[in-house]
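Asker: First, the structure itself, so that you have it in front of you.
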């Protein structure tokens, strides 16, 4: 039930994702592609670090809009037009992502300010009183983040990192304030919306496979590599959607009202961010692995695939732990083993590494399924 902390609200908490949100999420498709492109073109520590920081910045505001549409239905022309305006600003921001640490920093920051302003205005106008009070603090902080990013465009060199990392401290302060209450996330909408965003991230890995395949002769190794890559992505999808989505909805709905916001912030901002970045690394790695999948893979692409899958599985385990969705041991072990597949790619071939990664994820899914079946059978035996 919605918390009384919210007071009166203009519209009810959303129960399902609306079509305007699906339209809005199309921009996130391009955002993920742009972040993955940074890793593909600059796969060193600096490039990967930039991609991680930019994704964290964009995801904060993107997730903020998921919270906005969770708290108020997009049921009026005013709200829909405002969301479309924010969508346009997000697209401009995404266009600026590849050189956000350089020439397009001003555009990136200016678009961020517009996105943050629309978000705050809509929350104040349409959310409950408790949420509006929190936004009066969080909203200006988000706008200040945009100002810092805009300022970065006037400087060059290592100082850019200061302007891009300071916002993470602002996010931490905002999260601590928000966790005290005022928001009351609707469970069904929150879980469904983030599931759809995860599908977008899975889709980027498929797109990377297609882009790599389109630029090379369609030989046997490319066909086998494509099939294995799809198998890996599907197995990772299975990890997320094999009942955890339903259990997550139940966990959020049954949590005490005052802890619901904290749980949602940790599970859907922090842990989903880590899962999505893992998939970004996988997408960037697959793009390079499939160039010559039958040959030994260069070190960096092999590490991107192994570490990307590993990060995804470890973040997924953390997500399960936060919401108490099920056992995490197999996923943690799978995360470590996925990283350990990199030497297979480097020493044998990309095909061998993809097969090894697929085997790791498949085995952990089978092991979890059997363990869950054993628990259910044991409970039924006790009851009978």
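The backbone N, Cα and C atoms fix where each Cβ goes, glycine too.
In case it helps, TrEMBL gives these features for our protein:
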TRANSMEM  20-41  transmembrane segment
TRANSMEM  47-66  transmembrane segment
TRANSMEM  78-97  transmembrane segment
TRANSMEM  103-123  transmembrane segment
TRANSMEM  135-155  transmembrane segment
TRANSMEM  161-183  transmembrane segment
TRANSMEM  195-214  transmembrane segment
TRANSMEM  220-242  transmembrane segment
TRANSMEM  263-286  transmembrane segment
TRANSMEM  298-315  transmembrane segment
TRANSMEM  336-367  transmembrane segment
Asker: Top stretch among 47-66, 135-155, 195-214, 220-242 for CB pairs under 8 A with the transmembrane segment (103-123)?
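Answerer: Most contacts with the transmembrane segment (103-123): 135-155.
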Asker: Take the transmembrane segment (195-214) and find every residue of the same chain, 6 or more past its ends, with a Cβ under 8 Å from one of its Cβ atoms.
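Answerer: Sequence-distant neighbours of the transmembrane segment (195-214): 17, 22, 25, 28-29, 32-33, 36, 62, 66, 222, 226, 229-230, 232-233, 236-237, 240-241, 245, 272, 275-276, 279-280, 282-284, 286-291.
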Asker: Tally Cβ pairs under 8 Å between the transmembrane segment (220-242) and each listed stretch (78-97, 135-155, 263-286), then give the stretch with the top tally.
Answerer: 263-286
Asker: Please report, as numbers and ranges, the same-chain residues at least 6 past the borders of the transmembrane segment (298-315) whose CB is under 8 Å from any CB of it.
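Answerer: Counting only partners 6 or more residues beyond its ends, the transmembrane segment (298-315) has Cβ contacts under 8 Å with 39, 43-44, 232, 236, 239, 271-272, 274-275, 277-289, 331-332, 334-336, 338-346, 350, 353-354, 357, 360-361, 364.
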Asker: Which sequence positions outside the transmembrane segment (135-155), separated from its termini by at least 6 residues, show Cβ-Cβ distances below 8 Å to it?
Answerer: 57, 60-61, 64, 100-101, 103-117, 119-120, 123-124, 127, 163-164, 166-167, 170-171, 173-174, 177-178
